[in-house]
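Asker: Dropping a structure here in structure tokens format, bear with me for questions.
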Amino acid sequence: MAKIVKVIGREIIDSRGNPTVEAEVHLEGGFVGLAAAPSGASTGSREALELRDGDKSRFLGKGVLKAVAAVNNEIAQAIVGKDATNQAEIDQIMIDLDGTENKSNFGANAILAVSLANAKAAAASKGLPLYAYIAELNGTAGVYSMPLPMMNIINGGEHADNNVDIQEFMIQPVGAKTLREALRIGAEVFHNLAKVLKAKGMSTAVGDEGGFAPNLASNADALACIKEAVEKAGYVLGKDVTLAMDCASSEFYNKENGMYEMKGEGKSFTSQEFTHYLEELCKEYPIVSIEDGQDESDWEGFAYQTKVLGDRVQLVGDDLFVTNTKILKEGIEKGIANSILIKFNQIGSLTETLAAIKMAKDAGYTAVISHRSGETEDATIADLAVGTAAGQIKTGSMSRSDRIAKYNQLIRIEEALERAGTPAAFPGLKAVKGQA
């Protein structure tokens with residue numbers, strides 16, 4: 001038994017200068033797990049609650065001392081003495097103790113930090129790397145794959161202070177044979193994009209996720225700049241590198257008139273018109289994945305979009321599904337989208353996250369493991385992507401240490417598996433729904 005002997009919570013700072021919760025779980029034998037909760041900017045309305053203090057005299061109301069107190073008191077008292085290797089039991093104890101549907105009592109930030117720290121401590125007690133332990137918890141011990149990165153190299157929407165409506169323009173280095181090669185291709189395109197933007201007299205300041213955040217005449221302009229950068233780097237768009245977008249449509253959907261208002265372009269679309277706008281972009285550019293291409297509540301619009309694009313484009317539900325199995329189940333039954341974005345803190349525990357990934361895979365949906373715009377040096381999502389053989393990861397651009405921490409962890413894992421004589425496959429484009 002890997003007995004929990006101590007649980008510690010503290011307030012640390014994330015990549016946006018806001019507080020977040022970090023937890024330590026200590027076991028008998030001196031094993032320790034350390035984990036921090038991330039934080040989103042464009043959030044789905046049905047996400048588990050991130051508990052903030054609301055005390056305007058500290059961190060403009062964004063302190064997390066209440067959540068930290070929950071870790072140090074109620075949660076610690078409930079799980080000290082328990083077996084850390086019973087992850088589902090530890091998570092359920094915290095969920096039951098919180099007693100709310102959306103974890104609003106302790107905060108998903110408190111519960112998640114402890115959940116992940118517990119898994120790390122348990123892995124250490126078994127002498128396993130975290131990805132191997134996650135695979136065991138997932139019922140897929142020894143089954144790994146290296147994820148295809150979706151690299152957000154132009155930031156807009158809520159992630160940048162510019163006039164670009166679509167939140168993320170991403171590249172996928174599908175021509176790579178290994179994760180390390182994919183990162184090299186991504187870095188080369190990123191540096192060439194900086195040159196392209198500079199030559200046009202545009203800003204090369206970066207947004208929350210490390211991508212550039214220039215003012216552009218249109219969303220299509222972002223794709224044109226990326227195309228030029230890919231070619232300047234010596235790669236072929238559509239063969240070596242494909243494109244993906246996160247529209248985060250809920251951020252520019254007007255609930256009062258049901259229109260998608262792209263203020264940066266001065267255009268408004270009905271739900272169906274917006275799907276056809278995206279369809280035209282897909283005809284012009286090799287866009288193989290679109291995330292949140294409709295408002296989270298516009299299920300009719302999503303059903304139409306799935307009918308129009310779903311056979312050839314990966315349609316990822318983020319704000320739509322919020323890593324929640326109840327909502328995902330309904331989406332699967334109604335044929336909404338064909339992929340789910342996986343964010344630990346949308347649901348608030350490792351056990352529930354693994355359940356969402358399993359449900360998606362069982363239904364033939366893909367699962368894309370994702371960071372949040374507010375991150376720390378915690379790289380757990382890298383281990384999650386490998387340990388569940390998810391096939392895809394979204395963790396920002398080729399700048400900002402909070403993003404690079406995840407990529408560097410993936411490099412370490414890929415190398416460790418190669419050295420052990422059990423290299424993990426890198427599926428590339430085959431990992432993307434509709435592209436196999």
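Positions of Cβ are set from backbone N, Cα and C atoms, glycine also.
Got these off Swiss-Prot a minute ago, pasting:
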type	residues	note
BINDING	Gln167, Lys343, Arg372, Ser373, Lys394	(2R)-2-phosphoglycerate binding site
ACT_SITE	Glu209	active site, proton donor
BINDING	Asp246, Glu291, Asp318	Mg(2+) binding site
ACT_SITE	Lys343	active site, proton acceptor
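Could you place these features in context, so I can see how deep they sit and what lies close by?
Answerer: For the recorded site, Lys343 ((2R)-2-phosphoglycerate binding site), the DSSP three-state label reads coil. Summarising the environment of Lys343 ((2R)-2-phosphoglycerate binding site), the number of other Cβ atoms within 10 Å of its Cβ, over all protein chains shown, is 26.
Around the Cβ of Glu209 (active site, proton donor), a 10 Å sphere holds 31 further Cβ atoms from the protein chains shown.
Under the three-state DSSP scheme, Glu291 (Mg(2+) binding site) falls in the strand class.
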Asker: Arg372, Lys394: which of these binding-site residues has the sparsest Cβ neighbourhood within 10 Å?
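Answerer: Each of the binding-site residues Arg372, Lys394 was scored; lowest Cβ tally within 10 Å is Arg372.
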Asker: Would you count the other CB atoms within 10 A of the CB of Gln167 ((2R)-2-phosphoglycerate binding site), including those on all shown protein chains?
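Answerer: Gln167 ((2R)-2-phosphoglycerate binding site): 29 neighbouring Cβ atoms within 10 Å.
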Asker: Just jot down the residues in the same chain as Asp318 (Mg(2+) binding site), at least 6 apart in sequence, with C-beta under 8 A of its C-beta; none if empty.
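Answerer: Result: Gly44, Asp246, Ala248, Glu291, Asp292, Leu341, Lys343, Ser370.
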Asker: Cβ within 8 Å of the Mg(2+) site's Cβ centroid: which residues qualify beyond Asp246, Glu291, Asp318?
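Answerer: Those within range, site residues removed, are Gln167, Glu168, Met245, Cys247, Ala248, Ile290, Asp292, Val316, Gly317, Asp319, Leu341, Lys394.
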Asker: Once the chains shown are all counted, how many other Cβ atoms turn up within 10 Å of the Cβ of Ser373 ((2R)-2-phosphoglycerate binding site)?
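Answerer: Excluding its own Cβ, the number within 10 Å is 26.
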Asker: So, in DSSP terms, is Asp246 (Mg(2+) binding site) helix, strand, or coil?
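Answerer: The three-state answer is strand.
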Asker: Reported as an integer number of Å, what is the Cα distance between Arg372 ((2R)-2-phosphoglycerate binding site) and Glu209 (active site, proton donor)?
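Answerer: Between the alpha carbons of Arg372 ((2R)-2-phosphoglycerate binding site) and Glu209 (active site, proton donor) there are 8 Å.
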